[in-house]
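Student: Before we start, here is the structure in question, set down as structure tokens.
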Ligand SMILES: Nc1ncnc2c1ncn2[C@@H]1O[C@H](COP(=O)(O)OP(=O)(O)OP(=O)(O)O)[C@@H](O)[C@H]1O
């Protein structure tokens, strides 16, 4: 791995920007694009030459070199000089060790991808190979010879001058199967998540705008210092992580609305697989190595599954495969640069055989021009206000504005900030849950007496709890401050639809944990508890006085159905309360349960369980509607919940 990127003048690149006719297959909208796989053999290094008596012989050669015309496939021949074992593989192009720099690879293979990025397509270029095979040299380059990252950046900046586009970069590494931002130091790892369209996102990853090569060098060199490298038995400066540079180009579209077209180029310097009998790694180096090897094994499993038309592609086995998801069997153009050390037969066979299999993978490339809105948190408060206002219910809308978070005195807060707080509470809860999960899983009683559902003993109607809390909140507001538009007035009856939304707002404001703080525990919780009660709730009451607690006392209000109402009214009301309470319990369960527990619930299969786990890592589910955000139709949500609810009575 080279330690610094080369300094490279943008003007040198002008004549490289040649939208190529050669790879026209790369640029067809909505078309199938095979992963293109090229071989790059590095030269022997001085110490490799000096360690043998005669000049070492490369184990790699090109068979049909004379007949090679660009665009045709090539046949690569590998021969073990010691045993004479040999193998042949067909690939897309070959760059031999006499090529001292990577500019030819850039010109012929990478630059044709770039015009597509300006049109909203994504592309990924990744260097794959064993440790010491020249991946970092190829991607990152050196002072003297810029790598594909600098060359791409330079080319893109030149093109931006013509198109009026803007460029931003992100740079991160996957170290020990965790993602870390290299542009902005953060305490936490970057969370990888997938939206309902299957697009992978990295939450909170910094993006820095770049407008010249000098600013790129400044930013990138600084970030490179943070990337984990170390000396191993096989490479003096070996990458201990997979490094990913993302160049995002935003181009004004030609439509009248002024939309932007966004395309991304991912340039990935993978860590190399390592034979630890030869690296003599131990301690942390060994740990890094085993994670690197595991992630590359996961990569080979994904490639195997794609090649064999398997229904389940194991992208989730590692962070690396999740990041590459869109490039292998997804919607991105992809170029794999398989790097080889000419003196290593066995590892070259390993690299080339995987490379050869990768080129059968088809991506269905599509432009991101269509408005791809990333999953945004729904501001329920604003939604409700808008809905009420559209119905002419201004006072109710004002009332909603008056419903404030229990965590924040009088200052109105957005639902998002409350959600954040609740997410934090959830994450501490989740940590606890996972530590308790394994031991408690074994003790769990799998079924419950449905009679418990109607146990009137110490029944506290959960929907009434919500109303209690809203009332308590209002009382507090009233006592705290004069009514100022946002305060609750009670001259307009709240209808069922409004109440449902108010309840859902309350369910957002009160996370499961915060409810536990208040000591409220419904019988429904008990009913479902054999499934999710792997946590002794007493443990969850924080002893730390600094832990935020809601500063209100739940009030008991009179049940409005206790007056003149028919038994049918009562039954209907209780049923609807029961339904909303069960839905809330169900959501809480989805947020806290382990995969095994999720699978025990009717209507949840492997795929759904994975979706739910992914989603709640980003933001805990707050209502059944949130399930629609992960790609379920409302009918599916209805059926899933319906099955679970029926399961309670079976
Ligand atoms: N074309 C080349 N010309 C001269 N030296 C090269 C060339 N390609 C690679 N090297 C040298 O080979 C050595 C190993 O290269 P590099 O660090 O890029 O390997 P790597 O595949 O990234 O290894 P790792 O996976 O361990 O990080 C470095 O010293 C590098 O400078």
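Each residue, glycine too, has its Cβ placed from N, Cα and C.
Sharing the feature lines straight out of TrEMBL:
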DOMAIN    34-361  domain 'Kinesin motor'
BINDING   129, 130, 131, 132, 133, 134, 135, 136  ATP binding site
Student: So which of the binding-site residues 130, 131, 132, 135 sit close to ligand 1, that is, with a CB under 6 Å from an atom of it?
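Tutor: Correct list: 131, 132, 135.
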Student: Please compare the binding-site residues 129, 132, 134 by how many other CB atoms fall within 10 Å of each one's CB, and tell me which has the fewest.
Tutor: 134
Student: In the predicted model, what is the mean pLDDT computed over the domain 'Kinesin motor' (34-361)?
Tutor: 86
Student: Given the binding-site residues 130, 133, 135, 136, which one's Cβ is surrounded by the fewest other Cβ atoms within 10 Å?
Tutor: 130
Student: Enter the number of other CB atoms within 10 angstroms of the CB of residue 131 (ATP binding site).
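Tutor: Taking every protein chain into account, the count is 24.
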